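Here is the structure we will look at.
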Amino acid sequence: MKLAIAFGLVLSLLAISSAAERFDFFYFVQQWPGSFCDTSRGCCFPDTGKPAADFGIHGLWPNYAKCHGGDDDGLARRAVLGDDSAAAFLSGSAGRVGRRGRCWPQYCDDENALSPWAIRDLVSSLSRSWPTLSCKSGDSVEFWSYEWKKHGTCSNLEPHEYFARALALKAKHNLTEILAAAGIVPSGSETYSLSSISDAIAQGTGHTANLECNRDTDGQTQLYQVYQCVDKEAKQLIDCPLHMRSKCGDDQVNLPLF
C-alpha cells in the first residue's frame, strides 16, 4: 500500500513538473506613450481617457536566455524585440520552432482565457498603469486578455498573480521618476544619449536593462520601450542575460512630449 501511495505521489509530481513551462527569466516591458503615438500609425486613447505621461506596461513576457534553434540569428534577435513578422516567420520555419517559438514560450494554454472577475480588484490600477493605446479597441481589458493568452499562460502564475506582480514591479521601479531624477524628461527639443538613459536606469534600479527605439513622423529616433529583466517568480529585477539589438541606431534619442 505504501509503495502504491509513493508511486502515485511521484506520478503527481511528474505531472506537475511536465505541466510547468520552462523558461529562464521574464522581460518586463514598459513603453513611453509619446513614442507609441508619435509615429505614422498614431494611437488612440482607451475608453477611460488619455493616460498619464508615464511609462505604461506593455507586458510581462517569459523568455529564454538563449534562443532555441540554430540558423536564423537575425530573425531570432528581431523576435526577441517583439517583431511579430519575425515571430510569424520563425513559427513556420521548417517545423523547427513550433508553438513555443525560439526565444520565448507563447500561447501555452489556449483554453485558459482571462476572466475579468479574477482581476476585478486590480482593474483600477491596471487602467492607470497598463492602458491600451491601440486603435483596434479602446477596451484595455482586451489588451490584458491578449497579453495573458500569449504570455501569461506560460508564466506558471495564476492571472491575479501575473498582473499583480507586474503592477508591483512598476510601482517599485518607476522609470519616469528614475529618468527625471537624472534630468531626462520629456521634451520637444532636447535629446539624450542612450548611455545616459541606460546608466540612469541601472543606477535607479540596481540592474541593467535593454532599450528599444522607434522613429517619429519626422524620422527622428526616440526611446520607445525599456526591457527590464525579472526572475522566474516575477518578483525581483535581475541583470539582463541577453543583449538585445536596440533598433536605435543613433546615440542621441528623443523622449517626446505626451
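Any Cβ shown, glycine's included, is placed from N, Cα and C.
What TrEMBL says about this one:
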type	residues	note
SIGNAL	1-20	signal peptide
ACT_SITE	HIS58	active site
ACT_SITE	GLU147	active site
ACT_SITE	HIS151	active site
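HIS151 (active site) sits 11 Å from HIS58 (active site), taking the CA atoms of both as reference points.
The Cβ of GLU147 (active site) has 21 other Cβ atoms within 10 Å, all protein chains considered. The 10 Å shell around the Cβ of HIS151 (active site) contains 23 further Cβ atoms across the protein chains shown.
Remark: HIS58 (active site) has VAL29, GLN30, GLN31, GLN225 as non-local neighbours, by Cβ distance under 8 Å and separation of at least 6 in sequence.
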